[in-house]
Amino acid sequence: AWYVPCLASLETLQELCRKENLRCKSIGITNRSLKSYEVEYLCDYKVEEGKAYYLVKWKGWPESSNTWEPRKHLNCPLLLQNFLRDKNEYLSRVREGKALKVKNHVKALKPAIADYIVKKAKQRIALQRWKEELNRKKNHKAMILVENTVDLEGPPLDFYYINEYKPAPGINVLNGITTGCECADCPAEKCCPKEAGFILAYNKRKKLKIQPGLPIYECNSYCRCGPDCPNRIVQKGTPYSLCIFRTNNGRGWGVKTLQKIKTNSFVMEYVGEVITSEEAERRGQLYDNQGNTYLFDLDYDSDEFTVDAARYGNVSHFVNHSCDPNLQVFNVFIDNLDLRLPRIALFSTRTIKAGEELTFDYQMKGSIDLTSDSAEGLSPSKKRIRTVCKCGAVCCRGYLN
């Protein structure tokens with residue numbers, strides 16, 4: 001047996017049931033709840049005979065069931081606050097930032113204002129659902145928030161959150177490693193990095209101590225050491241709460257940290273579909289025309305595979321480029337020692353303040369302390385159409401490629 005997951009929200013399904021006068025216990029529509037009412041958002045405002053009324057959208061009911069309710073019947077201060085804020089936001093934008101004078105004697109809102117308020121309410125609900133979905137799917141403890149105070153853009157329609165590589169058919173991202181270190185207290189003489197011919201990547205404070213271009217070998221699932229091993233950093237996932245936010249300068253979505261991040265700290269992995277370089281070339285032509293940059297070559301040892309985070313990815317999908325970035329890319333090997341298929345980890349290059357946007361150089365050729373010419377082999381796929389850079393850095397090169 002097989003099934004297709006329902007993409008409709010619970011409220012949408014409830015609306016359909018109520019519209020058709022159907023009962024469905026599994027989604028909460030029973031004889032008792034069939035006539036239950038809860039305010040979902042406020043749509044409009046008017047004054048009649050000196051009394052204020054709000055047009056109410058009822059949760060789980062179709063819009064055809066919207067009703068005008070007097071202010072005294074509404075026990076929803078947060079929704080009233082959102083309504084007034086959205087109204088003032090629309091008016092201030094129309095007046096291009098001029099001093100806002102809200103008239104207290106308005107008897108009805110203009111249709112354009114009411115339309116904006118409804119769209120903003122629907123966006124708020126959609127972003128809240130998206131945030132809940134992201135936090136259900138993530139495999140790390142830190143929270144993911146979503147914020148858009150710039151426009152009416154909602155969640156991306158064709159993006160699916162994943163925590164690890166999604167290999168294309170025929171590609172094996174796990175090479176069947178069957179051995180690990182025997183250290184009782186890592187790092188010992190024969191710990192994983194030394195067995196691979198490299199030094200331990202982290203210091204005693206679990207901060208990065210190697211230069212770009214050098215690989216990171218972490219202890220794996222067959223190692224004797226436990227989860228508190230100082231050589232298990234990337235595999236534990238993002239340790240910081242992050243916020244996906246809408247940028248105000250035309251760069252789409254971005255990511256900012258909600259916590260202070262110290263220099264040389266692991267921030268997140270770059271994950272997506274693992275595809276062949278030939279397939280990446282085909283997709284790259286399409287992405288070029290769209291102005292997207294989601295292809296990342298796994299060319300540490302060869303140029304055979306590419307990570308495509310366009311449709312499948314994690315928070316890193318939304319990290320923007322900067323010619324003066326605060327994140328640096330490193331190749332990581334844990335349960336897969338295939339040099340053609342490293343995991344891609346992003347580490348901080350300096351102290352990052354809470355609320356600051358996270359960025360990395362799509363060419364990996366920045367002028368920061370941690371960058372070097374040896375990092376050139378980590379660059380994303382070369383583009384055929386030049387994409388204008390909007391990073392705003394003093395040292396901006398003008399183009400992403």
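Every residue, even glycine, has its Cβ placed from backbone N, Cα and C.
Listed features, source TrEMBL:
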- C181, C183, C186, C191: Zn(2+) 1 binding site (BINDING)
- C181, C192, C219, C223: Zn(2+) 2 binding site (BINDING)
- C186, C219, C225, C229: Zn(2+) 3 binding site (BINDING)
- R251, G252, W253, N320, H321, Y362, K390: S-adenosyl-L-methionine binding site (BINDING)
- C323, C389, C391, C396: Zn(2+) 4 binding site (BINDING)
- 37-95: domain 'Chromo' (DOMAIN)
- 179-237: domain 'Pre-SET' (DOMAIN)
- 240-363: domain 'SET' (DOMAIN)
- 385-401: domain 'Post-SET' (DOMAIN)
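Distribution of TrEMBL features across the structure.
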residue: C181; record: Zn(2+) 1 binding site; Cβ contacts under 8 Å, 6 or more apart: A188, K190, C191, C192, E195, C219, C223, R224, C225
residue: C229; record: Zn(2+) 3 binding site; Cβ contacts under 8 Å, 6 or more apart: C183, C186, C219, C223
residue: H321; record: S-adenosyl-L-methionine binding site; Cβ contacts under 8 Å, 6 or more apart: T293, T359, F360, D361, Y362, C389, C391, L400
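For the domain 'Post-SET' (385-401), the list of distant contacts is 249-251, 288-289, 291, 293, 320-324, 359, 362-363, 367: same-chain residues at least six beyond its ends, Cβ to Cβ under 8 Å. Of the chain residues outside the Zn(2+) 1 site list C181, C183, C186, C191, E182, D185, P187, A188, K190, C192, C219, C223, R224, C225, C229, N231 have their Cβ within 8 Å of the site's Cβ mean position. Packing around C391 (Zn(2+) 4 binding site) is summarised by its Cβ count: 21 other Cβ atoms lie within 10 angstroms of its Cβ, all protein chains included. Distance from the CA of C323 (Zn(2+) 4 binding site) to the CA of R251 (S-adenosyl-L-methionine binding site) is 14 Å. Sitting within 8 Å of the Cβ centre of C186, C219, C225, C229, and not among those site residues for Zn(2+) 3, are the Cβ atoms of C181, C183, P187, C191, C192, C223, R224, G226, P230, N231, R232.
Those residues of the chain, other than R251, G252, W253, N320, H321, Y362, K390, with a C-beta within 8 angstroms of the mean position of the S-adenosyl-L-methionine site C-beta atoms are T247, G254, V319, T359, C391. N320 (S-adenosyl-L-methionine binding site) sits 14 Å from C396 (Zn(2+) 4 binding site), taking the CA atoms of both as reference points. In this structure, the C-alpha atom of W253 (S-adenosyl-L-methionine binding site) lies 20 angstrom from that of C396 (Zn(2+) 4 binding site).
Per-class residue totals from DSSP over the domain 'Chromo' (37-95), listed helix then strand then coil: 24 helix, 22 strand, 13 coil. Taking Cβ-Cβ distances under 8 Å and a sequence gap of 6 or more within the same chain, the neighbours of K390 (S-adenosyl-L-methionine binding site) are N249, G250, R251. The two recorded residues, C323 (Zn(2+) 4 binding site) and G252 (S-adenosyl-L-methionine binding site), have Cα atoms 17 Å apart. For the pair G252 (S-adenosyl-L-methionine binding site) and C396 (Zn(2+) 4 binding site), the Cα-Cα distance reads 18 Å. Helix, strand and coil counts from DSSP across the domain 'Post-SET' (385-401) read 0 helix, 2 strand, 15 coil. Note: C396 (Zn(2+) 4 binding site) has non-local neighbours C323, D324, C389, i.e. same-chain residues 6+ apart with C-beta under 8 A of its own C-beta.
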